[in-house]
């Protein structure tokens, strides 16, 4: 058997998919590292004061100009909504409705001004709030120190205000509650999810706004209105309802200005714009162009009024507002202060010096951030960082020289003003260049990489399909289809790396792997095409396929797979996928059974003689309806463990998801605890019972002894851990220290025992009991004569020894010698038994990471997996497929769908809030020193179903052999038929040993099919995310779905390799055992 070539080919196929995922991710997901550093007033960033500059006592970095500020965020306030054009006689519904802003800017030009407020993509509300408060460039993934919450941990404006004793009052969108928990002096949150509700949030704000402003017990008041945004989603901007909503906002602003004091700054901002359909989330001009209006009853601006409103990046608001309110600029801010707001009404030189002071502080703060970030991450170009450092140093040196001249009493002159203007330009150039460098790395889609990633994944799917067809035809040359493509890939990687070195750029491992993957794929397809004439010649010289059923059974699974992939393009189907996947699985099973009924094979089988080793057709016929009913029952019961998504209104999550400690009733808690323990005990009992039934629990090997004694012990440890965590420790009083030890000890006991069991599998994986006996050879026909000596002899003892051994024994008997006769218990299920043991050990680990009541779901998972295997065997038998070495597409597709189904049935959803973060602390009550262990624990919890079904995938190949009826179990035949029976003796899984090449080809064929089905689903998610990247729900639905599908693919492919490796390890042990046996 070719073991390592099969594993290497499958690993290479996984690498191809991983390269495509990495390339697409690098172009689609906007990522950066989130620093936890914070600014403080003690930071030495402020420049020394010049002559005549005053600084109030206790001022931080710069003198406070406004003690109070009101920030009004009108969600989706596009610039076109705020701009007023009196020349338009018939404005559209969203035009010329905010006339009060135009009135203020026109009548008080030094007090009010309108700006284009340009948002950085993605233009979703949550990401824009992050940008407006942190001054950084938020992306879809902010890798921070605490990955268990949406709360903003990065330094931000609200944290600085609270840190410096300021009072922040909020009213409006409840998104802020999750982003800034416990940061508000007072708050009025209103639900924001229902986009059809245009008035609840806005009316709630208006009830509190004016009274709060008049009360005065606040320093920053934030009001976030949602009516305009919801109106756009519901009706679009060009609708009469939009005119009503904007008119309401206009009247609100008119009334609010009357309540403002002279020392208050008013900022009216839109977080993003909207498209013509009312959507947002992408990077189109209409989406990124929002409005910003600034107003104060004291003069703010110079006399010069620009002809066209200036364009201000949204990140510029943070440093500007921080310095105006007299607090430090947040540490990670990349914004540039708005110079106009620091001019005041003083003389020209004094105003310019104030602006330069603000810019100097701003530049030093950005330089400090870039230094810290470059030490924490490597995604900023070193060449560009050096250039930025040179720009900063030159500007600071010029500023210090200019400040020294001012201190010397240099009189105001046009030359001094020009010099200060040039220095101001230097600071602006540096700050904008720094922001551009970061934006280039963090906040931009890369369409070429996205398209290339899609092509790599699509080519990988095609490769899996072609390779699986080659494997099943036994026309597979690893030299042509593996070695040569690998050499092509290595050559491409070397050339790509050399090119990167010559261009003096740092190594881009994503591009290196992508070029390598593309070249190796090209090599595979080239060699496949070049061997096409040879394959055609071989195909013409061979008889037609023995079974057309395998081809016919391709229609239903591929059709349902296509429907599932098309559903990935609908946000509604993605949201409701927890119900879609069970429906597709039930449909596939029902269609397959209905097809058998249509062709008359369910009631009157056409196959005159069932395949070797399969049960009688009549038995399969009556079993099949019951199996289908059992599958439908499992699918229905799995819905009891659902998790709710935010997008589904009035959804109540399953009570089984909550831990037992959340139950108030002691009686209910005890009842559920007993039910959970019973399900755990039932799982252990069923597995041990099946192993004993197959004869794999009779030997004294280390693995068998472990299954006998350690399985119950692991179950006891899990049950004790559940008892402690369910709240019983509250009654233990003085034993709290013991409870804390138990919270760590029991999980570690499970981890240790499960790891020990896996090591035993790798060491001695065989679970076969061998019995030698010396008997007279003359009358021997079988190894056992007379009445059976034990129940095992009656049920399980079968001549399962390799046929060459049997022939050798016959030859020795004919010569009248006395030789050892060998009886092997459990040899017919040696592969599947070890795999079941591995699955049970993994289930123990995963059960520990879930809440107690999820044990019912895991028991259901094992039951449904068994039903699917039996359905596969029955359908294969009734269809008449004699090719047991070929697993049909419907079985593989059903297996993958079951993995997706139980992803939801274990309480998960493809959204970050649904992740069970508490799994990271099972057995680690004191926390972790790194992110690796908690990431592995949370990943194992999240993808538990993917792990179990992927590791158990080889059972689809093994189970038909396990279900063969061995000759020793049949009733006694007539003596004249004895010789014929011996010739047709069934040896179950030992038939795999008779055809090692077919066995390895079958494993390769199965693995490639599994990767193909997973890859097609992944490809659909990738296409949906790329095509719909400007869709309203891209960052809410499609991007998380792609992320979870990609991670699930990675986990499934690795676990598939693990499952196939276990089978090959057993095969190696069996081959060694047979060689030793033959040598006796």
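The backbone N, Cα and C atoms fix where each Cβ goes, glycine too.
TrEMBL lists transmembrane segment for one of the ranges 853-871, 910-928, 967-985, namely 853-871.
TrEMBL assigns the feature transmembrane segment to one of the listed ranges (989-1007, 1008-1026), namely 1008-1026. Checking the ranges 414-433, 514-533, 534-553, 554-573 against TrEMBL, the transmembrane segment annotation falls on 554-573. Per TrEMBL, the listed range annotated as transmembrane segment is 480-502 (candidates: 480-502, 618-640, 641-663, 779-801). It is 671-691, from the ranges 377-397, 671-691, that TrEMBL records as transmembrane segment.
Sequence-distant residue pairs (6 or more apart) of the transmembrane segment (580-598) and the transmembrane segment (883-904) include at least 3 whose Cβ atoms are under 8 Å, placing the two stretches in contact. Regional average pLDDT for the domain 'GPI ethanolamine phosphate transferase 2 C-terminal' (879-1047) in the model is 82. Among residues of the same chain six or more beyond the transmembrane segment (703-724), those with a C-beta under 8 A of the stretch's C-beta atoms are 660, 673, 676-677, 680-681, 684, 687-688, 691, 696-697, 739, 742-743, 746-747, 749-750, 753-754, 756-757, 760-761, 764-767, 769, 834, 837, 840, 844, 847-848, 852. With a threshold of 8 Å between CB atoms, the same-chain residues lying at least 6 positions outside the transmembrane segment (822-847) that come near it are 680, 683-684, 687, 690-691, 694-699, 703, 707, 711, 714-715, 718, 750-751, 753-754, 757-758, 761, 765-773, 783-784, 792, 796-798, 800-801, 805, 854-855, 858, 862, 940-941, 944, 947-948, 951-952, 954-955, 958-959, 961-962, 964, 966, 987-990, 992, 1059, 1062-1063, 1066-1067, 1070, 1077. Outside the transmembrane segment (853-871), and at least 6 residues removed from its termini, the chain residues within Cβ reach (under 8 Å) are 589, 592, 623-624, 627-628, 630-631, 634-635, 637-638, 641, 655-660, 672, 675-676, 679-680, 682-683, 686, 843, 846-847, 891, 894-895, 898, 902, 905-907, 944-945, 948-949, 952, 955-956, 959, 963.
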